[in-house]
């Protein structure tokens, strides 16, 4: 039986939500992952270190008994964020990064940044103290096509920001385009990118061909096949600038299966099985540990995990539930549209 042992992975972009949903989904992450960067776009958002501390305590209380899991907290950047509070959060060890959502870019992002000049004092302080900025890299202006938002963000927002603050460490989260891959590769320093599980597997046909498939709808939206292939090449290359951030984002089914459905795909439960399939397809199983377990910690200045997990390839396909039941309601699990034979032993 084929097997692969690697250091326990981390998830560098995760939505856990709160309340009953948090309690219903956290076990799917804590079973396999040692750490995760937790997104702050709650309602209301996590905007201060006090908010982050309280949210962290709720997460810790929800972790299933026996699981060892560390939530890495972030702050939601607004035009009113206080630089001293951000610095204190970093000094205390509570805050791992600050998250930039352009206003209106994704779920619960309406309080995000509209005028970057108002956020510059905080960004300048972050550059000074070495605190990374995680960016949702899309513009939201109505004249830009949704499939072009990432390229437009690089050209009109990110590159000018990095020219102005070259010492600011920036993570381009959930990149979805060849443009994003090439931009990161062209950088000499202070730029890296996370890649989701689902963007390695689906292109925009998955959402639109044969009827609208709401459970493949996410933001940033999946792009053309050429972009998916560029992401796969980057993820499986071993390049230290690319690492796993699942962007696993649970929504109850009624909020997905409606006239104006929410963006988000739930992948925490089967991510490692999906990744092993993808990396085996690319003859790159030897690069999976770098992508899932090594590159992310190195970028964020943390040691890799000492614990290991073992993936085993089984003859029979591994059965994952079509849905998970949470106290908030049912959540549909990502279906990669191929049988999964790799299993976490």
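Glycine too: its Cβ is placed from the backbone N, Cα and C atoms.
Note that the structure is a prediction, hence the values are computed from the model and not measured.
The Zn(2+) 1 binding site annotation in Swiss-Prot covers 13, 15, 99, 247. Per Swiss-Prot, substrate binding site is recorded for 15, 16, 17, 41, 136, 219, 251, 263. Here Swiss-Prot flags 99 as N6-carboxylysine, drawing on sequence analysis. Per Swiss-Prot, the feature Zn(2+) 2 binding site maps to 99, 136, 174; the stated evidence is sequence analysis. The annotation active site is assigned in Swiss-Prot to 247 on the grounds of sequence analysis.
For the recorded Zn(2+) 1 site, residues 13, 15, 99, 247 set the reference point as the centre of their Cβ atoms, and the other residues of that chain within 8 Å of it by Cβ are 14, 37, 39, 41, 134, 173, 174, 245, 249. Separating the Cα atoms of residue 219 (substrate binding site) and residue 174 (Zn(2+) 2 binding site) is a whole-number distance of 9 Å. Annotation note: residue 251 (substrate binding site) sits in a coil segment as assigned by DSSP. For residue 263 (substrate binding site) paired with residue 247 (Zn(2+) 1 binding site), the C-alpha to C-alpha distance reads 11 Å. Counting in whole angstrom, residue 17 (substrate binding site) lies 12 from residue 247 (Zn(2+) 1 binding site) by their C-alpha atoms. The secondary structure of residue 174 (Zn(2+) 2 binding site), as reduced to three states from DSSP, is coil rather than helix or strand. Across the fold, the C-alpha of residue 13 (Zn(2+) 1 binding site) and the C-alpha of residue 251 (substrate binding site) stand 16 Å from each other. Just so you know, of the binding-site residues 16, 219, 263, the Cβ with the fewest other Cβ atoms around it within 10 Å is the one at 263.
In terms of Cα distance, the binding-site residues that sit within 10 Å of residue 247 (Zn(2+) 1 binding site) are 174, chosen from 41, 136, 174.
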